[in-house]
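**Student:** Submitted below is the structure of interest, expressed as structure tokens.
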Amino acid sequence: MGRETFPFLAIFSVLVAIASGNSPPSWVEPTIDVFVSGFSEDTPVGSELGYVVCDDPDGDIVRYRLTSGNAVRVRSNGLVTLAVPLDFEKTDNIAYDITFECVDVTSTGRPINSWVPIRTVISPLDANDNAPEFSVSSKDGYSFFISEDSPVSTQLTPPILISDVDRGDNAILDQLYIICNSPNPIDLANLTDTSRATCEKFDISYQQDDEGEYTAFLRVISPLNYEERLVYSSSLIAIDGLRNAGRKLTTSVNIQINVRDAQDRPPIFINVGASATVNEAAPVGTTISGFGITASDGDFGDLRPVNLSIIKDELNAFDLTPTVLVVPDDGIYESKLVLKNQLDREAITTAYEFVVKVTELDKVTGAATDATATATYSVFVTDTNDNAPTFSQPFYNVSVIESLSDQATQIAGFRIVCNDPDEPSNARYRVSVVRQSYPIYSVTPGLTFTGSANMFLQVDDSRYLDYDNPQYRTQQVVLVAREVGTTLRLSSSTTIQLNLRDINDNSPRFTQSSYSIEISESIKQFPYNFLNITATDIDEGENGRVTYKLEGETENLFVIDEDTGAISLQSAVNYESTPQYVFLAYATDNAFVKRQKQVQITVNILNANDERPRFLLPVYQTSVNESQLVFLNPVNITAVDNEDGTGQITYRIASGQTANSAFLLNPTSGVLTLRNRLNFEETPIGNDGKNTGVFELRVEASDNGQPPQTSVVPVYINVIDVNDHSPEVNPRTYIVKLSELAPPGAFVTRVLATDADGGNFGTLFYRVGQGLSDNFVVDPSTGNITVGQNRQFDYGDRDRYELEVIVSDGGAPQLSATATVFIDLLDGNNQPPTFNELLYYIYTDEKTPVGTVVQAITASDVDTDSSLEYSIPQSSIKASNPDGRSLNALSAFDYKNAFGVNNKGGIFVQRALSREEANEISFTLQVKDLKTEEGSATATTLVTIIIRGDVNTNITFDQATTVYMNENSPIGYNAITVIARDPNNNAVNRYNMITAGSSQNFEVKANGRITLVRQIDYENDPQPDHLHRVVVQAISNDGLQSATVTATISIVDVNDNAPSFSSPLYETSVPETYTYPRDVISIFATDPDSRSYGPLDISISGGLDSDDFQIFQEAPQGGLRASRRATVIVAPGKTLDYNRRSVYNLDITVTDNVNEDFSSARLSTTTRLIIKVIDENNNSPVFADASRMLAVPETAQIDQSIATLIATDKDFGDNGEISYSLEAGSETGLGLFSISSVSGTVRVKGNLLGLGGQVFSMQVRARDNGNIPNSATMDLRISVQNTEDDDGNPKWIQPSNGYIVRVPENTQDVLLNLKLQARPRTGTGILYTLSERSDSYDRFTINSVTGDITMKQLDRERKEFYNLLVYAEDTSNSTVLRSGRTIVIQLIDVDDNSPTFTNPDKYSQCEPVIDRPLTLYVRENTPTNTIVYVVSACDPDSGENSEIVYEWFNKTATCEIANSGTLLGLNSDTGDLYIRESIDYEQVKGFGLCVEARQAMRQSRKKRAVNLNSFNVNDAQYNNVAFINVIVVDENDNRPIFPQRELVTVVMAQPESGPVITLAANDTDSPSNSVILYRVTSSVFMDKSGREQASADVFIFRGNSGALYPALPSYQSFSGGRFKLNVVAIDEANPKFTDNVEIVIYVYEEGQSLKLILEEKPSTVIAYSEEMIKALNDVSGDYSFTYLQLSEHRTDDGIEPDKTDVCFLAVNENDKTILNIRQLIDVLDDPKFKSVINTKSYSITDRGQCYPQQSSEKDVRWRNLWWVLVAVAIFIFICCLILIVLVVLLYNKYRRYMETHQTYLAEVSQ
């Protein structure tokens, strides 16, 4: 029954399954793929490898089994465990084949369908289970031999071979070092001395030969020395695995390095420095006892014989015995010393030295070798008494002054020296006087002397020292020095001659007790000698030589010859002013301490006489209209004769008459009238080029005497102008062209006009008549037409402007003329190009040939001269594949170069297209106008290209990835292995490289391995992005199908280039006066490596006195490469001195990778900086006298020499050459005298007549010719001697010469408070005149008769002192007899000026002015109370009128706001601006200040009105206000700060090309101080259960943008988990400034994101899409929403441009998991989220999965095939009915069978 039942049951089960529609299970392939990926070989046996899963559509129970292979076991529930150990090395990548089967079963365990098999492989993955091995045969390790003379860098042989049987990263040799270089402190703690010494002499390096194969070399790094160490022993340590790998294995091996001795050391002296003793009387040939010279070979391992010889013996005193071997074991040889010549101890000051040479001899030939050495030995000579005490001189000649002292005294300045050179026991002696002329002298001190001694001659009796007694004047003394305590008592003598010298003990004597003499004032020849005085002195020599000088009331008129006593008159005297002079004469001897006598001298002056006519007024003036003949004020000129008042005065016009003789002067009455009309335009032309409107007549008055005396007076006639001319414009019409882009203020043209009238009538004013426009401005004074500030030009709207310009004069009434100006606009390129559409869609076939234009998109530009250029920005190109996934830069298909654009806007195919790789590519098309002059030059539009075609699925690749490879990786390096599969999932075994588009630095092996064939240098990489792409072709096993994929290898920079300086040698020169912080030179360095190994550090690393300088480093510069500039400055507190050091040789070192961000390797470069110190001009010229007084007569001729002044300078060359100049004197004085710049000779420059009695003060400056000249000054006073005499010239009664008259300034026509009075010598009349040489002659008038002087208005601020030269002329003589007086006018200050910053009146004392506005730079954090600027205004007044106080100016709205919050304080007295509160750049970048200067004494002055609505800093009303813009200079005092402590973002399991997140730390410092570097410091992965594991290098920063990018091609294995990264932001300029942020990155699948569909275009939604997601976060507490992207809405029918998809996902903050679509939809159904989503402004219409799974619906429209579904359903229903009927029939048959079978059994039992 059983055998028949089971088949039936099986059939029954099948039929039941068929009848019920039960389907077999199918394998879930991802659960099988984990076995293909493989497991680490160190996985323990029994470890759970995972579950295999079959999916049963009916929900039946599924059971599993293993049908082939023994590597694993599988339980019925699908749990797979490891059954045998895995060994990667033994199998060498041969996979284990295993077959799983699954079946669905009933609840009782019976299979429902057949077992479903699946075959897979399990590949063991390499684990680091094998330590590196050293290939050494000896168990004791390596043994090396090397000669001690091997040069540095010598490699020891044989090389050291290291291998590791692991593969990949596990076979990498991470570290190889000698144990003494171990980074482990424990290893270093127990090292032996020989091991430590090994690292001082050797290092080790290695290279990779193949995977797991390495060759290492030991290298000499420091010179070896056999004599110091023979053997070096240590251990080598090898460590495998990546630097940050979890498991690393270590192997060690012993090394012993044996040093062989070389003949590299010279021989050595054994007793070098030894000394011997010999007596100076020892006989020749004596062998020095107990003394020998010993030496040996310095190479102890190979001893050679040596020979000794004397090579230097200056006195030829010694010889050596033959060299013999004395210590054979040590190779020591010796020679004895023999006396060759006697030595004199006294000739040898210390020990006698000689030099011995030792030479190594060849062992075989005995010849001398080059190995030699020398040593100096000493011999001490002992004494014998063979010298007598000896005086330093055998004869002394001494000068002694006569003396009157009664005390015993030494002769000053005279010392006697005696010496006995023997040793002290033989050198004791006494000195005594044995003979002298008179009993006067003795020797002191009276002691017993030893060796060398000083003694003196003492005067015991001074009676014999009298110079007046001739017999005492010369004397002699004899001294004897004799030994004491010796047998020989040796002695010597010396003679001293003494000469007496006279002293000054007598005074000079005059021959008379007083002197009196008379001279006439008419003397004209000077100097005039009128008296000789004599004095005598009986002393001798200089003590008796007499010189003379004068004191008293000489008034510089009298000079005495200091040698002869001759007194002379230097200039004219005036009886009327001074009839008598009394003064003293002194006679002085020339001794050091001088004696003198005085005598009185009286000089009486004899009288003379003359005078001239004098006008009653100093000046006459009147006015007349140019159209009239009558003066407005009559003119009557009157003069009087000052002699006796009886002279007949006549008048005449001396000069100034007009061409038409318009003036008529009555010769007797002096009445002036007009005979013809005057013309204003005929008046003289002034300095300004205009008519002065004044005629000046010079009227002469004569007394008609013999000789006649005359005087001249000025007469001024003011001609009043009449406006009788209209302005004339020429031309009347102007046509100019102007660009429509002309800026405000641009010059257009100038309207030219003239007016024949003069004065104000001829002043022209310009204004606009018709055509007034804001577009143009006319300057009212110049007629310049410029573009207005509010100009609005548009060539398209208006291309011509017409202006009427009216020109008016200054008359009353005004006369005018007009000009018409036509301005034609020129078109300017200022309009941007435009596209017709904002978005273009283009459809093309993937088979479109390369170069085909798929569509032309053109832009238009309204400008006439536009030149358009089209381009596609690379950063705008995006693409997606048919699955909807976005491509990135690492994708196999180069979508960024798929399309291009030509210069006509044609979009063309640039490379072959593949719809399978990219079916949609979008980008921004940009057009640029190359000729744009103003405004925007570009326009953009969005282009989306849809690629149509078939999908090839024959061969597929596992997703190609991007790998990272260090530059300079060895040839043969395995970069990546690609794997392709056929449609049956079988691995493809044939691969080759497609040359086109592939990097030629790589090759593709047949197994798909991509290896390096040519080393790549990052710095010279031809790929600017350092991405090398290799196109790999896979060919199916049958050779019929193929496919390609692109692998990308990203080259990583390593620090393999040392930084370099811009110059191999820097040289500069600086003056020695440079001090801190003067710049010396700028240093610039760059590093070819990428900026990751910055910043660079520049320092002074060596050089004598290098601390005199300091390095100031600027902030690191931007760019792809690290670079930095530094400035060498003089260090604080240091001074340069040419004499101390004239040249500095400094070492400047630049070091990279200061922060060690990516590597601990640092490289540096050193260059030489030569600083030459320039010698400065250190000495100033020096005058012998601080001041000099010179005298010159007023009659001196031009260019007459007065005196020569000489200064000296200790410098040489140009620094010592002196030039002279006169300065700092009155203008008059500087105009009268000059000095030769070369010789220093002072000469007369101008006429001195009439200046007698005046003294002119000035300074003489002597200046050297150094680069920075030094100078010195000497006060010089020159007295002009009056030469008035009695030959007829008038005599002045008053005033005195140089009389000062003080007058208030700005007083109009003031009569000076001055009385002129002079008497004629011969006549009766005096005429007063004013010399034209007077200062501002035209501002003064003098009445020729009365001498009254009238002054016109003068401004003290222009000039304070005026020198007037007034002549008094005798009118009674026909010859001119006159004399002069100088009067000084001093203007008294009137408070008529206000303080000013702008100096509008151009006063010289107020220059220079400050800028308006003034820009002031203040460094932040400057200490409070520091003065940063001094605001200095000027008030040209003097005294109290010029005192200024400073206040804040708040009378305008701008200044009131600026001053209200100022951080500076103001000192009201000094104008000091100081730091009141510390300034922080980050709070205040700058601010304005307004400071007002006002007079301290003018408190009550009425405040001027200020128009707040027309505030302008250049307005004249603000001349006393300083407007200051303060710019705060930043210091790097702030660290970067992240705005949040924790950030959350997401990354797709298959990441896109863009960044995961972009960080933006905030550094409030200025841009140069706020460059921020970002680094990942730690990374941890947390799976769904919360378990943590380290995960380095999973995300990376590229550049310094803060953009964090995926570092892995796929995060599929991390799906559902999260990464926790700690990121640090580093201030590049100051790496100590940092901040940290924690970033949580969730890994999600495409299907977990949700999209909201909005009824608006993307261009509208983009403005608020992120805001919408933020609104969800604002109302959420448990969930965090993350915005992903925005795109056009897509359906099966294509793109709907009027709708937008906004994609996002959500994280559950409680369990830290990402919600799936269903969960996310449920969350959004919460009312609080609905309130956000249903907001009308968002226009949300639907929602759905953001990345829908690809289905066949894209190719088949199921909705159109509904009838097929109905037919299939009917067919299935019929089949079910048939099965049911079949089952019923089979069941009935089975029942009948059972019933029959039971009957049969019953019968048998019976």
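Cβ coordinates are placed from backbone N, Cα and C, and glycine is handled just like the others.
Unlike curated entries, TrEMBL annotations are predicted automatically.
Per TrEMBL, the feature signal peptide maps to 1-21. Residues or ranges marked as domain 'Cadherin' in TrEMBL: 31-134, 138-269, 276-391, 392-510, 511-615, 616-729, 730-835, 957-1061, 1062-1183, 1184-1292, 1295-1397, 1410-1538 (among others). Under the heading transmembrane segment, TrEMBL lists 1761-1787.
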**Student:** Looking only at the domain 'Cadherin' (1062-1183), what is the model's average confidence as pLDDT?
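**Tutor:** When the pLDDT values over the domain 'Cadherin' (1062-1183) are averaged, the result is 83.
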**Student:** Can we call the domain 'Cadherin' (1295-1397) and the domain 'Cadherin' (616-729) in contact, meaning three or more C-beta pairs below 8 angstroms at a sequence separation of 6+?
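**Tutor:** Result for the domain 'Cadherin' (1295-1397) with the domain 'Cadherin' (616-729) is yes.
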**Student:** Quick check on the domain 'Cadherin' (1410-1538): DSSP residue counts for helix, strand, coil, in that order please.
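**Tutor:** Across the domain 'Cadherin' (1410-1538), the residues distribute as 18 helix, 43 strand, 68 coil.
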**Student:** Taking the domain 'Cadherin' (1184-1292) as the first stretch and the domain 'Cadherin' (511-615) as the second, find out whether 3 or more Cβ pairs fall under 8 Å, excluding pairs closer than 6 in sequence.
**Tutor:** yes
**Student:** Please count the residues of the domain 'Cadherin' (392-510) that DSSP assigns to helix (H, G, I), strand (E, B) and coil.
**Tutor:** 9 helix, 58 strand, 52 coil
**Student:** Please spell out the DSSP helix, strand and coil residue counts for the domain 'Cadherin' (1062-1183).
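**Tutor:** The counts are 6 helix, 62 strand, 54 coil.
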**Student:** Using DSSP, break the domain 'Cadherin' (511-615) down into helix, strand and coil residues and give each count.
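**Tutor:** Across the domain 'Cadherin' (511-615), DSSP assigns the residues as follows: 3 helix, 52 strand, 50 coil.
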**Student:** For the domain 'Cadherin' (276-391), give the DSSP counts of helix residues, strand residues and coil residues.
**Tutor:** 3 helix, 63 strand, 50 coil
